[in-house]
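J.: Straight out of TrEMBL:
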- 30-53: transmembrane segment (TRANSMEM)
- 46-295: domain 'G-protein coupled receptors family 1 profile' (DOMAIN)
- 65-83: transmembrane segment (TRANSMEM)
- 103-125: transmembrane segment (TRANSMEM)
- 145-163: transmembrane segment (TRANSMEM)
- 202-226: transmembrane segment (TRANSMEM)
- 247-266: transmembrane segment (TRANSMEM)
- 278-297: transmembrane segment (TRANSMEM)
Amino acid sequence: MSSCGNGNLSVMPLQEFVLEGFAGGPQTQALLFALFLALYVVDILGNLTMIVLTTLDARLHSPMYFFLKNLSFVDLCYSSVIYPKALFDLMSLTKVITFEGCATQFFFFSLLITTEGFLLAVMAYDRFMAICSPLRYPISMRPSVCARLVLGCYCGGCLNSILQTSFTFSLPFCSSNHIDHFFCDVPPLLKLACADTTINELVMFAISGLIIVGTILVVLTSYGYITGTILRMRSGGGRHKLFSTCGSHMTAVSLFYGTVFVMYAQPGAVQSMEQGKVVSVFYTLVIPMLNPLIYSLRNKDVQDALQRLGQRHTAT
């Protein structure tokens, strides 16, 4: 058994944490419950609709929609790792989560959010191949290649999650078991450790920064070439359609990477937990809810598929 910084407090293995969530009385908690529930329901319905559409409609059986289906699946999963528990806690007096439950929640959250970052980069590369090398595209992005790219995204997410989870949950927690957050995440957990967390913060900053910078470089390089190719096109209608399709992806990329960077990839990001909670709601609930709307509202193929599905349902 080791001791904490002052030598007086022994490190005992924690059996559970308490998720403090959001401040406020019963009325505030009820309002947040209603807001989060509404957003979560829209999130589920939107992403399930995209998954069903891209699975059932043969005209959407292309690499772009294969990646979009996986993006919807990841969005659906990582919101569901957090919000059923968060919603329960908003209406509960005891907001307890076991040590193992906290580690499990963090592992899957880290895996899925990292996978989303890699998927967005792969989607940018797919658009680059489709627009800049259209003759090679059917071979370069054949189904087996697409499947390997998606598998690589999940493997990268899993590797990062294993590293982050092992580094975080190997720390001794003895200052408190109250997590100043509504789910188990690195910044609030580091504040509970009674050991030096400098290495953990550097690891989080280095890994998150490497992933974010690496994937953003892929996105920016792809869209640099795409923009040049589109501007050289003679057809104004073709330019508009391609800019519309790529604009949807760039909107999703900007929202995701902007909020993740604020939370994880800047020194001192772990200092403001209140700001962190608001940012966390945005990238764990609002963005997964918006992604299907961004892609469906600006995509004629998805709109046509929705119409065909509605007509098929009406006919039956």
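Every residue, even glycine, has its Cβ placed from backbone N, Cα and C.
Curation does not apply to TrEMBL; its annotations are automatic.
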J.: Which one, 30-53, 65-83, 145-163, 247-266, has the most C-beta pairs under 8 Å toward the transmembrane segment (103-125)?
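T.: If we count Cβ pairs closer than 8 Å to the transmembrane segment (103-125), 145-163 scores highest.
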J.: Establish whether the number of Cβ pairs under 8 Å between the transmembrane segment (30-53) and the transmembrane segment (202-226) reaches at least three, counting only pairs separated by 6 or more residues.
T.: no
